[in-house]
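Pulled from TrEMBL, these are the features on record:
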| type | residues | note |
| --- | --- | --- |
| DISULFID | CYS33-CYS242 | disulfide bond |
| DISULFID | CYS81-CYS91 | disulfide bond |
| DISULFID | CYS96-CYS103 | disulfide bond |
| DISULFID | CYS149-CYS232 | disulfide bond |
| DISULFID | CYS154-CYS215 | disulfide bond |
| DISULFID | CYS162-CYS178 | disulfide bond |
| DISULFID | CYS182-CYS191 | disulfide bond |
| DISULFID | CYS192-CYS202 | disulfide bond |
| SIGNAL | 1-24 | signal peptide |
Amino acid sequence: MSKLHLTLTLLTLTLISTFNSIQSTTFTLTNQCSYPVWTGLLSGAGTPPLPTTGFPLQPSQSNSISIPAGWSGRIWGRTLCSTDSTGRFTCVTGDCGSGSVECNGGGAAPPATLAEFTLNGANGLDFYDVSLVDGYNLPMMILPQGDNCNVTGCFTDLNKNCPSDLRLTGAGDESVACRSACEAFGDPMYCCSGAFSTPQTCNPTSYSEYFKTACPTAYSYAYDDGTSTFTCNSGNYVIAFCPTPANSRKTTGASQSAASSGSGSLAKAFGVSSVTILAFILTSALEFIDL
């Protein structure tokens, strides 16, 4: 009986492991920037933990991680990071306050571009978006793999043309991130709080319109759900930092020819239709030209 019990136990564990493997989702984080990016990952309350909460990506480097079924949380990129003489690790943008490369439960200090996910949510669908509600620090796109699901994000570098009263500057007075109006001014009108805490009372502002015009599919303010939340039946996802044809912090737009040539390389790298990528890039570029 003991041998039978052991056999059944091993079989059960194998089946559980196989089931979890089937149910898990793969996120591939890839850095197409010309500079290093340190990823940050934060799990939502009550969701399964991830095997890592932060790691570095050098230019052109990728890293894939297995995401458990039912996970929800956010992913972002930290920039301009360094370790001081005491061994404390900090970043100028997207810092999570942990003092180390692993964020260990810390969230992104704004301004930061966020990729947000809820896997296996209502009706078994994955929900995902790229949010600029907490500001912007670098271009980011979510590229679902398969099932003809929508690409979303912001391929445009908003830092150079960021409104002066929203700019976060680094060394040499260079704009390294673009704050939200809520963070910059603290006004309930911009924060969708107090008397402005409902979709009926909190409306887009000239500041949120700057983000929305440049990045039409990204969240620009708290109640921007209608054009910014996407669903997918299932599958794996690529989260790409700086997915622009020029792969440059200084790039603020793309010509049609540049977008066309860039779309082929993105499609090949991420397994997404060239038509899908091209349509996304051209739409964003044309919107940004009107700024």
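Residue numbering: from 1, along the chain as shown.
Glycine is treated like the rest: Cβ placed from N, Cα and C.
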Judged by other C-beta atoms within 10 Å of its C-beta, the most isolated of the disulfide-bonded residues CYS149, CYS215 is CYS149
Of the disulfide-bonded residues CYS178, CYS192, CYS202, which sits closest to CYS154 (disulfide bond) by Cα distance?
CYS178
So of all those disulfide-bonded residues, CYS81, CYS91, CYS149, CYS192, which one's Cα sits nearest to CYS178 (disulfide bond)?
CYS91
Please state whether DSSP places CYS178 (disulfide bond) in a helix, a strand or coil.
strand
Work through the disulfide-bonded residues one by one (CYS33, CYS182, CYS202, CYS232) and name whichever has its CA nearest to the CA of CYS162 (disulfide bond).
CYS182
Considering only the disulfide-bonded residues CYS33, CYS96, CYS191, which fall within 10 Å of CYS202 (disulfide bond) when distances are taken between Cα atoms?
CYS191
Below 8 Å Cβ to Cβ and six or more residues apart, same chain only. Which residues does that give for CYS192 (disulfide bond)?
CYS182, CYS202, TYR221, ALA222, TYR223
